[in-house]
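First comes the structure, then the notes that go with it.
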Amino acid sequence: MKTIFALVFCCAIAVVVLGFGENEGSTIDHDQNNCKGPGSRCSNKNECCKPKDMETYTYYCGSRWDSSSGDFVRKCVICNRESSMC
């Protein structure tokens, strides 16, 4: 019982210290426009924040696997142009 209590207590402390995750709200990109950060759900590219270095990085709204819903969802992505994963 003490072990379970200690585990729950440590998890609670971790949540307080680290905070909760982003709620997919909008952020402000370097051009002072409201946009959605990487990993946020989107319906088109225009909703996503642009990378600061557009020569090295690109961005798009693409399908990604969402383990919580068990399905593919469209999310904002920023990746290196030279990467094979982009």
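Placed from the backbone N, Cα and C atoms, the Cβ positions cover glycine too.
Noted in Swiss-Prot for the protein shown:
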SIGNAL    1-19  signal peptide
DISULFID  CYS35-CYS49  disulfide bond
DISULFID  CYS42-CYS61  disulfide bond
DISULFID  CYS48-CYS76  disulfide bond
DISULFID  CYS79-CYS86  disulfide bond
Most isolated by CB count within 10 A, of the disulfide-bonded residues CYS61, CYS86, is CYS86
Neighbouring CB atoms within 10 angstroms of the CB of CYS48 (disulfide bond), all protein chains considered, total 22
Of the disulfide-bonded residues CYS42, CYS61, CYS79, within 10 Å of CYS48 (disulfide bond) (CA to CA), in sequence order, we find CYS42, CYS61
Smallest number of other CB atoms within 10 Å: among the disulfide-bonded residues CYS35, CYS42, CYS49, CYS79, that is CYS79
In all the protein chains shown, the tally of other Cβ atoms within 10 Å of the Cβ of CYS76 (disulfide bond) is 22
Among CYS35, CYS49, CYS76, i.e. the disulfide-bonded residues, the one with its Cα nearest that of CYS42 (disulfide bond) is CYS76
A 10 Å Cα radius around CYS61 (disulfide bond) captures, of the disulfide-bonded residues CYS35, CYS79, CYS86, exactly none
